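Step one of this worksheet: look at the structure below.
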Amino acid sequence: MATHKLLLLPGDGIGPEVMREVEKLVRWFNARGLGFETETDLVGGAAYDAHKVSISEDAMKRAQAADAVLFGAVGGAKWDNVPYAVRPEAGLLRLRKDLGLFANLRPAICYPALADSSSLKREVVEGLDIMIVRELTGGVYFGEPKELVTLEDGSQRAVDTQLYTTGEIERITRVAFDLAKKRRNKVSSAEKSNVMKTGVLWRQVVSKIHKAEFADVQLEHVLADNCAMQLVRNPKQFDVIVTDNLFGDILSDIAAMLTGSLGMLPSASLGAVDPVTGSRKALYEPVHGSAPDIAGKGLANPLAMIGSFGMALRYSFGLLDEADLLDKATANVLASGTRTKDIAPPGTNAVGTQELGDAIVKELNALS
């Protein structure tokens, strides 16, 4: 039996609560022979309290050795005044950097049972299934020079640098096209080639990779601002959207709210494929934050964390049937009306974090 090594990093706030629901699922799949081997370690504020760092060297070694990392959430007012270099969020940034995670996958799926929770009309979002592929390690967030300087007259000038290389664009493009071939075979590439040189290069490289390697996949180029408008106007026209770091940050948050709740949204961050093993480093995390206002109250929606585990099944372990089974169990539970407070209709009884996790395990039993 193959062993799948998982590192669990629950983190802060609601992170430990939602991670416990994933641990139930790991035990359920292990009881059916999947062979997950888990370790748990500290990250974020919890790591700072214990070690005065946002992630320890031992935890980093475990992350490097794992087949996949499941990450909860970090941060909270308690750590607002800790040194910047060891702030809770720095632990996540180091994981991304040291694991070489360059591709961020953000699905936006609207379950039929939750279509009325969206701010858009049911007919616009029902059945929505978009994957946004965001380049994670380049662009304006990391380009140099990056500075805020005071001029001789006392005024200030700020500079951020939007920078991309051919190689950075090529590798994220291949991730997007590979995903599209397993979905509905369409890629929309979003940039600003009308006003930005990086956009010109982005469009050229995407077109070259498409022609040479993925000509059987439909490709469209769209300006990023128009893409944002189209996501609200007619989101179901999209399948896979590939874009840079800044535009991906914005577009994925727009897509997130089409589904009705941030508590529903998982994500994956992937590294390069190892040419020897064929595997890649990967980190999976919910889109929501640590939500300290509801931490410890049993109110958190665990579905984004559970969905992140489902993405690990699919993208790190190749367990497509098991990932589909978990998706179906989730959809069935939602259709039954079992909801946490954030997605429960007004006037209905909401369940807690643990109860929703238990309901999914019960549905898995019914389906298997």
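Each Cβ is built from the backbone N, Cα and C atoms, and glycine gets one as well.
TrEMBL annotates Arg96, Arg106, Asp225 as substrate-binding residues; of Arg62, Arg134, Arg184, the candidate listed for that same site is Arg134. Residues near Leu299 (NAD(+) binding site) in space but far in sequence (CB under 8 A, at least 6 apart, same chain), listed by position: Thr340, Lys341, Gly352, Thr353. Proximity to Lys192 (site 'Important for catalysis'), defined by a C-alpha to C-alpha distance within 10 angstroms, is shown by none of the recorded positions Asp80, Pro88, Arg96, Tyr141, Ala295.
DSSP assigns Leu299 (NAD(+) binding site) to coil in the three-state reduction, placing it in neither a helix nor a strand. If you take the CA of Asp253 (Mg(2+) binding site) and look 10 A around it, the recorded positions you hit from Pro88, Arg106, Tyr141 are Arg106. In this structure, the binding-site residues under consideration are Ala291, Ala295, and the one with the smallest number of other Cβ atoms within 10 Å of its Cβ is Ala295. The record assigns Arg96, Arg106, Arg134, Asp225 to the substrate binding site, and the maximum Cα to Cα distance across that set is 27 Å.
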